[in-house]
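Asks: Heads up, here are the entries from Swiss-Prot:
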type     : residues               : note
ACT_SITE : Cys123                 : active site, acyl-thioester intermediate
ACT_SITE : Cys408                 : active site, proton donor/acceptor
BINDING  : Arg249, Thr252, Ser276 : CoA binding site
MOD_RES  : Lys173                 : N6-acetyllysine
MOD_RES  : Lys234                 : N6-acetyllysine
REGION   : 1-26                   : region 'PTS2-type peroxisomal targeting signal'
SITE     : His377                 : site 'Increases nucleophilicity of active site Cys'
TRANSIT  : 1-26                   : transit peptide
Amino acid sequence: MHRLQVVLGHLAGRSESSSALQAAPCSAGFPQASASDVVVVHGRRTPIGRAGRGGFKDTTPDELLSAVLTAVLQDVKLKPECLGDISVGNVLQPGAGAAMARIAQFLSGIPETVPLSAVNRQCSSGLQAVANIAGGIRNGSYDIGMACGVESMTLSERGNPGNISSRLLENEKARDCLIPMGITSENVAERFGISRQKQDAFALASQQKAASAQSKGCFRAEIVPVTTTVLDDKGDRKTITVSQDEGVRPSTTMEGLAKLKPAFKDGGSTTAGNSSQVSDGAAAVLLARRSKAEELGLPILGVLRSYAVVGVPPDIMGIGPAYAIPAALQKAGLTVNDIDIFEINEAFASQALYCVEKLGIPAEKVNPLGGAIALGHPLGCTGARQVVTLLNELKRRGRRAYGVVSMCIGTGMGAAAVFEYPGN
């Protein structure tokens with residue numbers, strides 16, 4: 001109860017907490033490299049497919065996961081048996097996809113001697129996999145491991161919470177855990193005054209940024225083209241290669257967005273156009289202790305500086321990043337001003353806007369290549385995908401810099417991680 005009162009107290013007065021974040025003194029440059037640093041060696045992702053009608057609609061999640069596992073290992077010429085552990089984030093498969101992920105491991109030529117676990121922390125599952133592998137490296141269990149995320153929203157059942165006690169009816173917070181995500185978006189919009197026009201403008205910007213990035217080839221280095229098969233309308237099977245994200249709509253306009261009806265509530269402001277897309281995809285991130293990476297001659301794409309996950313009220317779960325980001329920044333000894341790029345998952349424009357405004361983040365630092373509204377949101381994949389996108393964009397820019405990955409989490413949480421790009 002005390003925790004809830006603290007969070008609600010933060011929500012009541014945004015200007016004070018926002019200014020406090022901005023007024024904090026800047027960090028004293030970059031930390032010195034340490035042999036014990038947890039570093040990101042490499043990362044790849046599949047294109048993100050449109051669930052139900054895209055190029056991956058007939059592709060099983062183990063095949064998507066195998067594509068990125070294989071690509072990462074081949075890219076850096078790492079022997080599969082060198083992996084100390086694999087962690088795979090997944091939301092919709094039974095048991096967080098534990099069997100599916102182990103199958104993908106074998107399809108990728110990774111031997112049975114390499115262990116694997118599956119993790120489900122809803123929309124942060126891919127980032128939680130990164131944190132889990134980093135934790136194993138830090139505690140000395142192993143020196144190198146693979147963190148992944150995968151989701152086929154086409155082939156998975158959604159909306160079934162499973163076996164739950166009827167006692168939840170007696171507890172408001174327990175009941176709130178079952179509120180549909182679209183209604184939590186409406187709650188955020190209503191409670192904090194996020195207008196339909198602002199949400200649509202945010203969605204338009206996401207589409208425009210993603211379209212520009214796609215046309216310039218900004219995603220080319222991170223995407224693994226996937227050759228697969230699809231069934232056409234006649235039931236015939238044909239082979240295709242999916243090489244770019246399918247949800248990007250360069251023709252999006254404010255006028256078009258304004259015509260869309262509310263998707264979750266009569267008179268509401270959350271629409272299909274200002275919400276994340278239902279998607280299929282996978283991503284993999286190779287992490288190591290710095291000393292092991294150097295010993296094996298592996299590249300260093302980034303350094304994990306901190307990770308934080310926090311709880312917030314379930315009925316406004318989308319505010320999670322507004323509290324997870326400050327927690328992660330504090331652990332890293334940084335402020336909002338020290339960060340070059342914030343990759344904040346766009347579950348809904350309402351909640352993403354709230355978080356950006358709450359923290360006083362300049363718009364140009366937020367999702368510079370577009371976010372989930374344009375690219376899509378394959379639930380278990382997203383956190384790992386964001387890490388890959390963030391570090392590749394920092395690499396493209398070339399200079400030493402910090403970036404943040406963050407997302408809201410269904411049932412009322414937020415997660416965030418701070419990464420350092422070491423510079424070219």
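In case you wondered, yes, glycine gets a Cβ from its N, Cα and C as well.
Model, not experiment: these values are computed from the prediction.
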Asks: Return only the integer: C-alpha distance in Å from Ser276 (CoA binding site) to His377 (site 'Increases nucleophilicity of active site Cys').
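Replies: Cα to Cα, Ser276 (CoA binding site) and His377 (site 'Increases nucleophilicity of active site Cys') are separated by 6 Å.
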Asks: Residues with Cβ closer than 8 Å to the Cβ of Thr252 (CoA binding site), same chain and 6+ apart in sequence?
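Replies: Thr252 (CoA binding site) has long-range Cβ partners Ala203, Leu204, Gln207, Gln208, Gly273.
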Asks: Looking only at Arg249, Thr252, Ser276, the residues listed as binding CoA, what is the longest Cα to Cα distance in Å?
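Replies: Maximum Cα-Cα distance: 15 Å.
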Asks: Measuring CA to CA, name the entry from the recorded positions Cys123, Arg249, Cys408 that ends up nearest His377 (site 'Increases nucleophilicity of active site Cys').
Replies: Cys123
Asks: Which one is it, among the recorded positions Cys123, Arg249, Cys408, that lies nearest to Lys173 (N6-acetyllysine) by Cα separation?
Replies: Cys408
Asks: Quick check: with Arg249, Thr252, Ser276 left out, which same-chain residues have Cβ atoms within 8 Å of the centroid of the CoA site Cβ atoms?
Replies: Ala203, Ser206, Gln207, Ala210, Gly247, Val248, Gly273, Gln277, Ile373, Ala374
Asks: Out of Arg249, His377, which has the highest number of nearby Cβ atoms, where nearby means within 10 Å of its Cβ, if these are the recorded positions?
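Replies: The most densely surrounded of these recorded positions is His377.
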Asks: Name the one residue among Cys123, Arg249, Cys408 whose Cα is closest in three-dimensional space to that of Lys234 (N6-acetyllysine); these are the recorded positions.
Replies: Arg249
